[in-house]
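Some features that TrEMBL has for this protein:
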- 58-124: domain 'HMA' (DOMAIN)
- 140-206: domain 'HMA' (DOMAIN)
- 310-333: transmembrane segment (TRANSMEM)
- 345-367: transmembrane segment (TRANSMEM)
- 379-401: transmembrane segment (TRANSMEM)
- 407-426: transmembrane segment (TRANSMEM)
Amino acid sequence: MAHLQLSAVAAGGRPAAAGGRADDMEDVALLDSYDEEMGAPPPPPLAGGGADDGEEYAEAHVRVTGMTCSACTSAVEGAVSARRGVRRVAVSLLQNRAHVVFDPALVKVEDIIEAIEDAGFDAEIIPDSAVSQPKTQKTLSAQFRIGGMTCANCVNSVEGILKKLPGVKGAVVALATSLGEVEYVPSAISKDEIVQAIEDAGFEAAFLQSSEQDKILLGLIGLHTERDVDLLHEILKKMDGLRQFNVNTVLSEVEITFDPEAVGLRSIVDTVEMGSNGRLKAHVQNPYTRGASNDAQEASKMFNLLRSSLFLSIPVFFIRMVCPSIPFINTLLSMHCGPFLMRDLLNWVLVSIVQFVIGKRFYVAAYRAVRHGSTNMDVLVVLGTTASYVYSVCALLYGAFTGYRPPVYFETSAMIITFVLFGKYLEVLAKGKTSDAIKKLVELVPATALLLLKDKEGKYVGEREIDALLVQPGDVLKVLPGSKVPADGVVVWGTSHVNESMITGESAPILKEVSSVVIGGTINLHGILHIQATKVGTGTVLSQIISLVETAQMSKAPIQKFADY
């Protein structure tokens, strides 16, 4: 049977304004989720130029490291905004993150990364699964196999039924191929409801694929050799619904783009484990844990640089300030080594290591900034320390050949670099504490959930502990007394009281019984509950709160923008 090629339907959304300001974007981002959740129409495009309704924009969230002040955020915003096709940029110093809205037809994500790196900073794209975004009214195009059609009247009947369904924008059915293509809003109607409607009309129906795609980053345990990599490739190639995948053997990670309408995330994880007979185990990478790990690595790296700089700078300081007061040591340091004094040679060697090995990061960042016509703190550090170092070297050589020894200031450049590194280390620690609010919100979600297993007749036959990130809509979960609710859902069995104070602020426990709504992250107090998950991932209340907190941290008050200027 021939297969009809699926034509992707662009996701609907409000066009972004060209040349829009970062603060405008932040205001809209705060309101979009509320307006769309309440069913209100989105606000009109911002003034100042706009795109045609047919244009489609993409969003990218980039982790930026190396920013130290508001001038750095301005440099990043300027470098990215200068790229053709970029519509809006918002940079958060506290989160080390940039939010970019761009036209994928004119600029690629790689170009945005390159622009940030050229500005003197390190950049890394955050996978789509790592970003908590508000819900959007997007349209999907799905393909169904329809059996039992014998004539044109059957085709018209199926098309008429589909077009009358709420949430269906359009439907086309082909008699020759027994295929139908339906354009629908997934938030209003599901693919299963479409299949059910076709079957209720007396035809056979089965879902094939959709235009939707999602991206997830999975960590892998057991990926050690090329044989393991080949085995993983074979497993993933055989899976239906996978669009593409990229394996990173260094980090033991795999980035997968898949059709969530055709295959679930839990199915991918289970297939990897079963297909390898337990040799490979996949788990979802928590984006916030990953971000905390990056912060810890940056703090560790900065501490090592500071420790090395102190180890070399303290002797230089003592040779200059303390040793002249100790006759024995002063005599040793005043000995000649060729045309140079011993103290000058020691200072020269120690400071050269500090200046060009430990201080290399300043030169690299300053070069990138100057190359793009901007200046930052690294440029100031390089100018000051290089001037001191070059003068001291020239004075040392002049004294060696003329006998007149002018004063040298090697210790100045070494101590400046040491003090700057100390300040940067304190800054990294302080920036890590600013994200404690988000970390505490993330910690409200339990790490695992108890999934109730059903047999073919729909009876519960057991339970299985799974990663809470693998919970899917429709799953029935068991919540024990004293444990946290893993996802937003509805109680289908049991009665208990739930502490919702961490979400709603209500101190009194709330009675929950059948048909009661529960919120993920709240605590079940007394009885056992069976809940059916309705919202998971970025759709949960807790995820929306985290998204709003992140958006608020990226926003700037007018007085702050004036101070930055």
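For all residues, glycine too, the Cβ spot is worked out from N, Cα and C.
Note on the domain 'HMA' (140-206): its mean pLDDT in the predicted model is 83. Long-range contacts of the transmembrane segment (379-401) within the same chain, counting only residues at least 6 positions beyond its ends with a Cβ under 8 Å from a Cβ of the stretch, are 338-340, 344, 347-348, 351-352, 355, 359, 362-363, 366, 369-370, 407-410, 412-413, 416-417, 420. With helix defined as DSSP H, G or I and strand as E or B, the domain 'HMA' (58-124) counts 22 helix, 24 strand, 21 coil.
Counting only same-chain residues 6+ beyond the ends of the transmembrane segment (407-426), those with a CB under 8 A from a CB of the stretch are 68, 299, 302-303, 305-306, 309-310, 312-313, 316-317, 319-321, 344, 347-348, 350-351, 354-355, 358-359, 362, 381, 384-386, 388-389, 391-392, 395-396. Here the domain 'HMA' (140-206) is broken down by DSSP into helix, strand and coil counts: 23 helix, 24 strand, 20 coil.
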